[in-house]
Each structure stands twice: as structure tokens, then as C-alpha cells.
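A.B. asks: Sharing the features that Swiss-Prot gives for it:
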COMPBIAS  371-385  compositional bias 'Low complexity'
DISULFID  CYS103-CYS181  disulfide bond
CARBOHYD  ASN192  N-linked glycosylation site
MOD_RES   LYS299  N6-(retinylidene)lysine
REGION    359-385  region 'Disordered'
REGION    404-448  region 'Disordered'
REGION    479-503  region 'Disordered'
REGION    539-561  region 'Disordered'
TOPO_DOM  1-34  topological domain 'Extracellular'
TOPO_DOM  56-68  topological domain 'Cytoplasmic'
TOPO_DOM  90-104  topological domain 'Extracellular'
TOPO_DOM  126-148  topological domain 'Cytoplasmic'
TOPO_DOM  170-201  topological domain 'Extracellular'
TOPO_DOM  223-255  topological domain 'Cytoplasmic'
TOPO_DOM  277-291  topological domain 'Extracellular'
TOPO_DOM  313-561  topological domain 'Cytoplasmic'
TRANSMEM  35-55  transmembrane segment
TRANSMEM  69-89  transmembrane segment
TRANSMEM  105-125  transmembrane segment
TRANSMEM  149-169  transmembrane segment
TRANSMEM  202-222  transmembrane segment
TRANSMEM  256-276  transmembrane segment
TRANSMEM  292-312  transmembrane segment
Amino acid sequence: MRPSTDTMEADTAATHRNFITKVDVPDHAHYTVAFFVSVIGTLGVTGNALVQFAFYSNKKLRNLPNYFIMNQAASDFLMAFTQSPFFFINCLNREWIFGELGCKLYAFLGALFGITSMINLLAISLDRYMVITRPLEAMKWNSKRRTTIAILLVWLYSLAWSLAPLVGWSSYIPEGLRTSCTWDYVTYTASNRSYTMMLCCFVFFIPLAIISYCYLFMFLAIRKTSRDVERLGIQVRKSTIIRQKSIRTEWKLAKIAFVVIVVYVLSWSPYACVTMISWSGHANILSPYSKTVPAVIAKASTIYNPFIYAIIHQKYRKTLADKVPCLRFLAPNKRKDCTSSSFSGSSYRDSVISRTSTAIRRQSTAASRHASASKTAAGASSYSSSDRVFGDVEMDPIDWRSGASFRRHSSRGSTRRDRLLKKQQMERTNKSAAHKQPSPSTKMSATHCKNKTVSSSVNMAAAPPQLVLIRKRSQSLTNGLSDAGKKTTVANGTPGNHKSKSADLHFRNLPALDQALNVPRIIVISPTSEDCLVKHESSFTDDGSVGTVVDEDSLEDNDVV
């Protein structure tokens, strides 16, 4: 028993010396590695924490494909959080100071999170492959429950490979500058060689081959769909176009994953090469630097994904810019001022329309009451016939750019309207001298209808107009049109079935005037019957915009156009 005990003690002492043995390298080599490890740890922890924060704070980002991205960020975060601090402290001490148990725990966590990242990228590739090449099957299988199960399987698969060295299949030992630990790929034994080969195949090479296969066929599927659309041209079915758009959307997510995979593979490739060199029996040609540098590069794979998302993923950038004030430079909103101005202008117009509509309803109610009172006082005989006033209106387009420019245009046109109104009043006075005065009840009804016409005209002008009244082309054309089938006499004594010559002349000349002036014209009919209804018509300009009829009297009583 004594020799065996001595042998065990000797092995324990050798193992302890193996953990505390320093490598004969300059101190600045340790400090240089410590600097890079600290940078990697800081960026890895901060960047992946921001990725998780962005995806958890924005509901639009919490979709099924992004579950794998969040899992990737969680794995990289834990990798940086558990590896960098211990690595940094050991580099400052120039040796491993946490003992054998600490070395095994450190190596176990590093293997667990590293393998999880690689297998998770494989799961992302398979998910994109199914969605793009087999969309119907993907719709049946994609669900929150199945995605959660897939992520759980990724972790279980990684856990199995990480636990193997702890149960006797290979082992965890210090590597490189003796400031970090990993599985024993240096010792040339059957156990170590078999574990190294199986690990490299089932964790690195086979997943990489499957990823390459998935992206190759994704690319071919997208190219085939694009060629089908180009070949069919306008005869392409709507379902084909929708499918092409859906595939292109999924391809954008696949491209992000592809960039992540490429960066990850490039980070771990040097470490895989060193491992295979040792497995082939040429570990003696590897220096401590050639073992440590690939390990640092592999751990740097945790910092790339946040930068990739910040560059490519637009929603991720916008979410961080909205949630984190110091990161607003990621998504500068150049159109914010324009959008605010547009909203304020629209709100202003809506408020004007609302206020004008309320005023019109009040005036309409008052006009109806006065019309009813006039009807009772004068009798129904006074309203046996309806007098209609015909007039054409010429409208000119203006530029609706700002409220200030619009008010300036209205103020310039007010002087011109005053002159036209004075001229019309003089003509009406001359005409009224040759005809009898209408009854008081008729005057009151006409006044109420005129007020209602003015209010309705203001309502039409309150909306964003493209045409504004600048002058009125004609006067009242008739005073004596009567209802069909009735032989009545109006106030001036002319027969009820007699038509005004000026009206006939006016309607004959309307097409010629439109063609000559190339100006849209419209007739405003203002009935003076007992219902006091006003019809507003709209004219369409050549470019499809709507022109609204505006009464000149309304412009005198109201400043809002």
C-alpha cells in the first residue's frame, strides 16, 4: 500500500506543479494579453446586454426567428462574463491562481458557452432554410413551443460535450501561458485524441458543413424565384409575387445570420487548427504564444454580434436609439421636423374645419327658424315660385405652402373683391330701378339663404383648398323663372314660362368661355324657396385636384379660407 500511496502523492504533486508552473515569457506578454482580454470582456458584456435589452423591450423584435438571436446573445454574454475576469486576473499574476477546481470550472463554462454558440448558429441556419425553401412545412412546424424546445436541445447538446472531460473522457488543464484552461488536446493519449476528434467533428466541422449546405440552397431558391418572376413578367400570379416578397424578407434575416456565422467561424478557425495540429502528434512545435493567441481570438467572437446587429439590423438600431439616450446617433431622425410640421399643419386645418362646421350648423338652424316664421307671416302664396340665381365662378390655382403665404394672397385679393362688389352693387341698383321691389317676406327668405350660402362656402374653403375665388364673371341672370306646368306671374309682371334672354345668352357662351380661358367654371344655384337648401358642387382640375366654390360674400365676413 505504501508504494501506491507514494505514487498518488507524486501524481498529485505533479498535477499541482502543472497548475502553478509559470511559463518563461516576458511580463509584458502577460500584460498585453490582459489588456486585450479586458477589452473583449467589457465589449462582450456590454454589447450582448444591449442586444438582450433591445429584443426584450421591443415587442416587434420578439418574434420566433429572433428567439435564436436572443439565445446567441445570452450565450455570448455568459461567455464574456465568466471567462474574461478570471483570464484577466491570471494574466496580471502571470500564472493560474484559482487551483485545479477553478481551472475545471473555468474550462467547463468556456466549453459550454462556446459550443452553445456554434450549435445555436446551426439552429438559425436550419430555421432560415425551412422558411425559405419549404415555407408550407415551416408554417406547420414553427411555433413558440417548438422554438423553445429547439433552444433547450441546443443547450443540452452543449452540456453533454462539456461534461465529458469531467467524467473521465479527456480532462481540463491550463493552456498557453498558463493563465487559462481548456480540454487537454496536447497530451497524446487515446482518451484525449478521441475526444478531440469527436469534438471537432460534431461541434465544428459537421455543423459548418450543414450551415454551408443550408445557405447554398437558400441562395438557389431565391435566385429561382427571381428568375421565374422575370420570365413570367406581367403574367406572374399574385401569389408568386407575395411569395417572392416573403422570401426576400426572410433572406434579409438569413443574411444577418450568415454574417454572424462567418465571423464566428473565422474566430474559432485558428483555435481549431491548433487543436488538429496537436491531435496529429505535433504538439511540440506549438509555442505558448501559438496556443494563447488563438484562444484570445476565439473568446473575441462574443463581441462581434452586437456590432453586426447595429450595422445591419435597422429595428435593433432604432430600438437602442429610442431606449438609450447616449445611443441616439445609431438612428438619427432627419425627418422629425418635417413630420412634426406636417402633423401640426394637418391639425390646424382639422381644427379650422371643425370650428367652421359648428358655426354653419348654428347658422343653418337660425336660418330655418326665420324661414318658418316668414312663411307663417306672409302665407304660402308668396313661395309658390322659386327664384334661382345663376352665376359662374372663375378660379385660379394657388400654392398651398404655408398659412402665411395663403393669408397674404387673401389680403391682396381683398381690394380687388371690394372693387368688384361695388361694381356689382351699382349694376344691381340700376336693374332694381326698372323692376318692382319684391315682398318683405321674399327679402327675408333670400337673406337667410344667402347667409347659409356664405356659411357653407366658408366650410368648403376651410379645408386645404387648391383653388381660390379671385373674381366673379357674371351677375344675376334672371328674376323670373317659374315652375313647370304653372302659369304664374312674378313681381315684375313677366309670364312665368318666359325665360330670360340673358340666361340663354349666358348658357350659350359658357362652353366658348371655358375653351377660350381654359379655366374650370361652375354654376352655383342658390334657391330662395322655403327649404333654403344650398348645393355645393366641386370642379376637378386637369391634374385631378378638386376645386371648391367659394362665395365672395363669405370672404368678406370670414378671414379663414
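Positions of Cβ are set from backbone N, Cα and C atoms, glycine also.
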A.B. asks: Just how many other Cβ atoms lie inside 10 Å of the Cβ on CYS103 (disulfide bond)?
C.D. replies: 24
A.B. asks: State the Cα to Cα distance, in Å, between CYS103 (disulfide bond) and ASN192 (N-linked glycosylation site), rounded to an integer.
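C.D. replies: Cα-Cα, rounded: 17 Å.
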A.B. asks: Which numbers of helix, strand and coil residues does DSSP report for the topological domain 'Cytoplasmic' (126-148)?
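C.D. replies: Its residues divide into 20 helix, 0 strand, 3 coil.
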A.B. asks: What whole-number Å value do you get for the CA-CA distance of the residue listed as 'N6-(retinylidene)lysine' and CYS181 (disulfide bond)?
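C.D. replies: The residue listed as 'N6-(retinylidene)lysine' to CYS181 (disulfide bond), Cα-Cα distance: 12 Å.
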A.B. asks: Take the transmembrane segment (202-222) and find every residue of the same chain, 6 or more past its ends, with a Cβ under 8 Å from one of its Cβ atoms.
C.D. replies: 115, 118-119, 121-122, 125-126, 128-129, 132-133, 161, 247-248, 251, 254, 258, 261, 265, 268, 272
A.B. asks: Provide the number of Cβ atoms within 10 Å of the Cβ of CYS181 (disulfide bond), excluding the reference atom itself.
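C.D. replies: 29, counting other Cβ atoms within 10 Å of CYS181 (disulfide bond).
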A.B. asks: Give the distance between the Cα atoms of CYS181 (disulfide bond) and the residue listed as 'N-linked glycosylation site', rounded to the nearest whole Å.
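C.D. replies: So the alpha carbons of CYS181 (disulfide bond) and the residue listed as 'N-linked glycosylation site' sit roughly 15 Å from each other.
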A.B. asks: What is the Cβ neighbour count of ASN192 (N-linked glycosylation site) at a 10 Å cut-off, with all protein chains included?
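C.D. replies: Cβ-Cβ neighbours of ASN192 (N-linked glycosylation site) within 10 Å number 21.
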A.B. asks: State the mean pLDDT for the topological domain 'Extracellular' (1-34).
C.D. replies: 65
A.B. asks: Which residues of the chain, 6 or more past the ends of the topological domain 'Extracellular' (170-201), have a CB below 8 A from one of its CBs?
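C.D. replies: 18-19, 21-23, 25, 29-30, 33, 83, 86-87, 90-91, 93-96, 103-104, 106-108, 110-111, 161, 164, 272, 274-276, 278-279, 281, 283, 286, 288-289, 291-292, 295.
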A.B. asks: For the topological domain 'Extracellular' (277-291), give me same-chain residues lying six or more residues beyond its boundaries with a C-beta closer than 8 angstroms to one of its C-beta atoms, as numbers and ranges.
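C.D. replies: Sequence-distant neighbours of the topological domain 'Extracellular' (277-291): 23, 25, 29, 175-178, 185-186, 188, 193, 196-197, 200.
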A.B. asks: Within the same chain, where does the topological domain 'Extracellular' (90-104) have neighbours whose Cβ lies under 8 angstroms from its own Cβ atoms, ignoring anything closer than 6 residues to its ends? I mean 6 or more beyond.
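C.D. replies: Sequence-distant neighbours of the topological domain 'Extracellular' (90-104): 15-16, 19-22, 27, 30-31, 33-34, 37, 165-166, 172-174, 177-181.
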